[in-house]
Every structure is written in structure tokens, then in C-alpha cells.
Amino acid sequence: MTTQLQHARGGTVTDAMERVAERENRDAEFVRQQVADGQAVIPANHGHDALDPMIIGREFATKVNANIGNSEPASGPEAELQKLHTAVHYGADTVMDLSTGGDLDTIRTENIAYSPVPVGTVPIYEAVTRVDDASDLTPELLLDVVEKQAEQGVDYMTLHAGVLAEHLPLTDGRTTGIVSRGGSILARWMEEHGEQNPLYERFDDLCEILAAYDVTVSLGDGLRPGSLADASDAAQFAELDTLGELTRRAWDHGVQVMVEGPGHVPMDEIADNVERQQDVCDGAPFYVLGPLVTDVAPGYDHITSAIGATEAARAGAAMLCYVTPKEHLGLPDAEDVRDGLAAYRIAAHSADVANGRPGARDWDDAVSEARYAFDWRRQFELALDPGRARNYHDQTLPEDNYKEARFCSMCGVEFCSMRIDQDAREAGDGMDGLESRTDLDSSAAAAVNRPPTGVHRAEKLDDIPCPVAEDDVAADD
């Protein structure tokens with residue numbers, strides 16, 4: 001079957017491109033050209049029937065990925081579906097199922113059956129569970145797992161094909177070594193076998209499988225820095241050069257490509273990292289994990305990384321992989337998913353505003369106008385997380401009459417600056433009254449930059465419990 005890239009190169013605007021154009025408020029021909037040039041991807045496996053197509057590229061609204069998945073000690077299929085529902089509810093544009101234990105096939109196929117957003121995987125995780133030791137992996141097993149997951153409907157796969165044997169000595173002086181799970185597994189395999197990375201050696205065979213199902217390849221950064229001390233080092237950039245080569249090889253097979261990036265990077269190096277990737281990989285969409293801008297805040301790494309993610313997106317990164325408060329500490333639950341997504345939706349939206357995306361600031365202006373008008377219900381309705389906003393307000397002023405009040409508990413009646421400003425404008429002749437001017441219904445913004453958060457067509461998920469906090473229920477009353 002033909003891939004989105006092959007269709008685009010042939011001049012065909014597909015149904016998926018039409019849907020993307022609608023969601024992005026862009027011309028369908030522009031979408032087609034971006035895909036044809038490899039500057040954007042539409043991850044859309046032919047077998048993912050529940051998918052509502054979306055696009056990832058620097059010329060479009062910044063997207064956010066949420067990692068879900070279990071580990072051997074924790075979480076089963078039902079809990080993972082609840083995480084999926086939570087992720088979509090709070091605005092994930094894609095999800096990655098990173099499960100490493102339990103019934104992997106059931107978890108994966110259930111996620112794909114219910115998910116309206118693209119589902120990504122890291123196939124080497126399943127491959128490792130099918131052998132006694134990682135050193136027992138074979139190229140044939142890796143190809144078999146990739147093909148099986150493609151048949152199941154996976155939309156994009158992370159393949160750490162750029163970690164080469166000659167790169168490994170470059171990590172010797174690092175502080176935290178190789179922190180990518182896939183990268184470390186392959187490094188050990190190469191060391192024990194004295195052979196080259198099998199994902200690199202069999203990359204053309206892998207691309208043939210991916211093209212058959214239109215699976216987008218996400219070229220993994222197996223040598224990404226896991227600490228500020230290791231950022232922008234020789235190992236990271238040697239792998240990046242290989243990823244540039246692999247990008248062009250995948251394109252030759254008609255496979256859509258995005259490239260993954262760090263990691264942990266000081267703030268002043270982030271823009272240079274993004275620009276380098278865009279140059280080396282010929283503009284293929286950059287998909288970054290954070291990056292974290294400091295290593296001192298375990299428990300708050302959704303914040304340390306969202307700071308870096310904002311800068312990365314401002315510089316041209318196309319998709320941000322969220323980090324939850326549990327990063328480096330444990331497996332996230334549904335509430336951690338909520339917190340991580342809030343941080344990253346803020347990062348993505350802030351970058352889109354900074355980059356002047358059409359209509360992106362309209363949402364901000366509408367909230368500000370509702371705030372100035374003391375229209376509390378409208379503020380809650382427009383908020384990124386309506387339940388959280390209403391809950392915080394009602395903790396101190398719970399009665400309904402306070403929804404009409406011209407103050408909150410921060411300043412009280414006498415010291416509310418906006419109330420004082422309004423009174424001054426009404427009393428004198430020197431200042432005119434202020435009026436609301438923003439019409440979100442006519443905004444040129446992409447869907448992800450307009451409320452409500454979580455705008456995917458998700459009818460199938462209605463059958464799955466969503467473990468949202470009680471304050472969400474209150475906000476909907």
C-alpha cells in the first residue's frame with residue numbers, strides 16, 4: 001500500500017491530509033507539500049481504524065506526546081487504557097506505549113483499538129522480553145517484532161539504528177553513560193558480539209516493512225545526554241550524523257521520518273541543538289524529550305523539562321515528549337500523566353505564541369478578557385485544565401455567589417487591581433472603558449491552540465473509565 005509520503009510526492013492530497021488541514025486551519029496543498037518534502041509527518045498506520053489524523057512538523061502547531069505503558073512490577077491492560085483516556089483527555093497529540101512487562105500484545109492492541117491519536121512503540125522492548133538475555137537478540141527477531149507490531153496498527157516506531165559500534169568509546173568519559181534503554185541494550189549487544197548494530201545493518205529491510213504499513217520511523221537518540229555534563233558531546237553528535245544518513249535512506253523507501261533528540265541540555269545550548277538537527281537531518285521533524293535544563297529537581301522534572309521544551313519548540317522542535325513528576329523516580333500514574341501533560345501543553349502553546357503561529361494568542365486574549373470582566377465561569381471554561389482552575393478558586397470562595405464577585409481571595413475586595421481600574425475608568429474622563437474583542441469561533445488558530453484541551457475525536461474512549469480528579473467532575477456541573 002502507498003504511504004502518505006509517496007502519495008504526497010505523487011501530488012495526491014489524501015483524506016488524512018484533508019483532515020490535518022482542517023485541524024491546523026491550513027491549506028491542504030500546503031500540508032501535502034510539507035509531507036512531500038519530508039518536513040512533516042502524518043503517523044497513520046493503514047490498520048489504525050480509530051485514528052483521527054494529525055501532523056507533526058515545524059510549520060504546524062507544536063505537538064505533545066505522552067508516554068504510557070507498564071513495567072513488570074506494575075500496571076495491567078485496564079490501567080493502561082485508563083492512562084490512555086487520561087492522556088487524550090488532557091491533550092496528548094500522540095501516545096507511546098512503552099510497556100515492558102505483562103501481556104504486551106493485549107496492552108498494545110487494546111490501546112490501538114481505542115486510541116484516536118497515533119500510537120508509538122519501541123519494538124526492542126518487546127524483543128528483549130522474548131529472549132533469556134539481551135545478548136540473545138538476533139536481527140531476525142527484531143525484524144519479526146517490528147513486522148508484528150506494524151500489523152497490529154502501530155503508527156510510529158522508535159528505532160535506535162544510529163548507535164554504531166564506533167560511537168561507543170565516545171561515551172567513556174561521560175557522567176551518566178548511555179541512558180537510553182534501547183541504546184544501552186544495543187551497546188551491550190555490540191560489545192558482546194563484536195558486531196555492528198543490527199538495526200543499522202538491516203535498516204533497508206526494516207524500511208520495507210515500515211513502508212508496507214505506512215509506519216513512521218522515529219529515529220531514536222540512543223546516545224542522548226542523561227545529564228547536563230554530557231550534553232552536546234562527541235557521542236551525541238556522532239550519532240546525530242548517522243541519523244541524518246538514515247533519514248535520507250528511509251525517505252528513499254517512501255517512509256516518513258522524524259528524529260528524536262535530547263535529553264538533558266543547558267538552556268543556552270538548546271537552540272543550537274535544534275538548529276544542528278534541522279541542518280544534519282534536512283529539516284525532518286525534531287521530536288525532543290524535554291530537554292531538562294537542570295538536574296537538581298527530582299520530583300519536579302515536569303517543570304525542569306517543560307522550561308527546556310518551550311525553548312526547543314521556539315527554536316523549531318516539532319513535537320515535545322512530556323516528562324512527568326515521577327521521571328527518574330518511578331512509574332507514573334494517571335494523576336502524573338495529567339500533571340505532565342499540563343506542563344507540556346503550556347510549553348507547546350507558549351512556543352506557538354512566541355513563534356507567531358496564526359491565532360495562537362487568541363486563547364490567551366480570551367482568558368484575559370474573561371479575567372478582567374470577572375467572568376469566573378468563562379475563565380474556568382477557557383482554562384487549559386478547567387477542573388484545576390475551578391477547584392483552586394473554590395477552595396477559599398466555594399459559594400456560587402462568588403462566581404459573580406469582582407475579586408478573589410488573593411487580594412480581596414479592597415485591593416483587587418482590576419476592580420480598582422474598572423472603577424477609575426467609570427468615574428473619570430481620562431481613561432476609556434475596556435471591551436472584549438476576541439472571537440475564538442473565528443480564530444485562525446490550530447485546534448490544539450484553542451479550547452477545550454483534548455480535541456480529538458475519541459468516541460471509542462467513552463467506554464473506558466477516565467480516572468480524572470473529582471474537581472473535573474465539579475467543573476462540569
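Yeah, the Cβs are placed from backbone N, Cα and C, and that goes for glycine too.
Annotation comment: Swiss-Prot describes Asn67, Met96, Tyr125, His160, Ser180, Arg181, Gly182, Asp221, Gly222, Leu223, Arg224, Glu260, Tyr287 as substrate binding site, evidence class sequence analysis. For Arg224 (substrate binding site), the number of other Cβ atoms no farther than 10 Å from its own Cβ, over all displayed protein chains, is 26.
Look at Swiss-Prot and you will find His264, His328 tagged as Zn(2+) binding site. Cβ neighbours of His328 (Zn(2+) binding site) (same chain, under 8 Å, six or more residues apart in sequence): Pro298, Asp301.
Under the three-state DSSP scheme, Cys416 ([4Fe-4S] cluster binding site) falls in the coil class. Annotated [4Fe-4S] cluster binding site per Swiss-Prot: Cys408, Cys411, Cys416, in sequence order, evidence recorded as sequence analysis.
Residues annotated as compositional bias 'Basic and acidic residues' in Swiss-Prot: 427-440.
The feature region 'Disordered' is assigned by Swiss-Prot to 427-477.
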For this session: Would you please pick out, from the binding-site residues Cys408, Cys411, Cys416, the one with the fewest other Cβ atoms within 10 Å of its Cβ?
Result: Cys411
Seminar exercise, completed: His264 (Zn(2+) binding site) sits from Ser180 (substrate binding site) (Cα to Cα, rounded, in Å) at a distance of 12
For this session: Calculate the distance in Å between the alpha carbons (Cα) of Gly182 (substrate binding site) and His264 (Zn(2+) binding site), and round it to a whole number.
Result: 17
Exercise. Measuring Cα to Cα, how many angstrom lie between Cys411 ([4Fe-4S] cluster binding site) and Arg224 (substrate binding site)?
Worked result: 46
Problem set entry | Counts by DSSP class (helix H/G/I, strand E/B, coil) across the compositional bias 'Basic and acidic residues' (427-440) | 2 helix, 0 strand, 12 coil
